[in-house]
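Over in Swiss-Prot, the protein carries these features:
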BINDING   171, 217, 448, 489  L-aspartate binding site
REGION    195-198  region 'Aspartate'
BINDING   217, 218, 219, 226, 482, 534, 535, 536, 537  ATP binding site
């Protein structure tokens, strides 16, 4: 039906007859002439109808926005005064000779001249996806997956599918459960990741595996999360962590070159401890120049418990954050930032405004200055590199609260005060994570997952001091987003059982949930390591959006609902009966519980 795409016509097509298919983006009547902007997935081209083609002109008068049409005509160059430099096709236009209205459109529920609500966009997603910016994002996503497949194939990786219906295993979030009709009372789980299957593939001898795969997590959603998401999943045998990072870094660098024409350069490597200490985050945005600076040693003897308490506590921390030009912040804004850090557990936000350093104590403004000597203030200003016009904010609490609060404040100030250089790309690797973290109930939980190997520890050493264990894990971070994460896996049964034990999984539960894995580890398991990238987040970065729903064709809301299809929906009672499931209404359930 078509010979060319609208958005691909150029001056090289001048003089050619073409047939286009697409939608009316806009119509303009200029006396005896009618112009339309015709759109398809590749872009927009101007088409005009003149009196010499009376039938086409008459039919064109019926056109309205979003009519689906076919146009045959001749490409010609625009007069110089009419060239539109803002359009890729702005140097040409199509003189229509034939017009077919394939399908008419009713008045649209979306307004192309105004910003529509996200609710409306998701309800009429098929219309929203016609917008050029949305089409471009999905084209970029397709380009990314095409590149990844080529790269992986060139490097000897095999694309192997793993099951969608599997067994529920604890991986940190709730599973989506699928009831079995054949095995009544039993449930499959949709995979949170192909983690165990890809490890089993390594045990099977497939030493380089990858898959672009859907994963599912039934968790409370945030703006950058979806209940179903896509991973670029990778696993290798007989490769060390640095070797895995090297090949994956090469892939991402080539991807950025192909999609953005940008060389990211060699990725710096930073330990988890350094990232938390300097940036208050394990995924630091290095485009932001501000850093957290430890000042506890300067404040141990001050008569101000807010500072002295954490400064003298081995589990405490006092850190300063210098904000260039921050002295201009109003009291109202300072109070707002004080309330902001309370979200992260901080009790408030002490500060020093630096107006004129040369005047000493007279050159600063601070509600805590009365507790500090001139020497201490000068030492703080020196250590933070403060200059006239700067602001210094303080965090004083346990180490986690200080890192979380000042880390979040750093990001917010970077955005609010335009201190973060949005034109830059700042990738890095973060390594050497703690293997375990406090679960808040006196136990430990795996920081990554329970199949991650410790670094340079035997099973006995791990059992004796699990809180000291460093995971042989690594995350790739770009502009403050964790785009990929992985680790060296446990390949010995004794170590795997030790980790399960530390996590409070007894031997019976180990056999019930992971018996197949423990059995597989008995038969010559090779050392293996891998990584998974979030395709959605990669696409967000490469298309310049901060909304994950902008890069997924048919996403869910933050309530895990599809407004277009109205999923989830109630199931047919007969189908539930076949599954042996009975829905208990809330009122009936409450009545039963009261009994």
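Note that Cβ sites are derived from N, Cα and C of the backbone, with glycine treated the same way.
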(request) Specify the secondary structure state of residue 482 (ATP binding site) as given by DSSP, simplified to three classes. (result) strand
(request) Would you mind listing, in sequence order, the residues at least six apart from residue 217 (L-aspartate binding site) in the same chain with a Cβ closer than 8 Å to its Cβ? (result) 173, 174, 176, 192, 225, 227, 229
(request) Determine the most Cβ-crowded residue among the binding-site residues 448, 489, 537, using a 10 Å radius around each Cβ and all protein chains in the structure. (result) 489
(request) Sort out the sequence-distant neighbours of residue 535 (ATP binding site) for me: same chain, 6+ apart, CB within less than 8 Å of its CB, listed by position. (result) 141, 144, 145, 212, 229, 230, 231, 232
(message) Whole-number answer please: how many Å between the C-alpha atoms of residue 482 (ATP binding site) and residue 489 (L-aspartate binding site)?
(response) 20
(message) Rounded to a whole angstrom, what is the C-alpha distance between residue 219 (ATP binding site) and residue 448 (L-aspartate binding site)?
(response) 16
(request) May I have the DSSP-based helix, strand and coil counts for the residues of the region 'Aspartate' (195-198)? (result) 4 helix, 0 strand, 0 coil
(request) Could you say whether, by DSSP, residue 535 (ATP binding site) belongs to a helix, a strand or a coil region? (result) helix
(message) Name the residue among the binding-site residues 219, 482 whose Cβ has the smallest number of other Cβ atoms within 10 Å.
(response) 219
(message) What does the structure give for the C-alpha distance between residue 448 (L-aspartate binding site) and residue 537 (ATP binding site)? Integer Å is fine.
(response) 19
(request) Give me the largest Cα to Cα distance among 217, 218, 219, 226, 482, 534, 535, 536, 537, the residues the record lists as binding ATP, in Å as a whole number. (result) 20
(message) Can you work out the mean pLDDT of the predicted model over the region 'Aspartate' (195-198)?
(response) 97
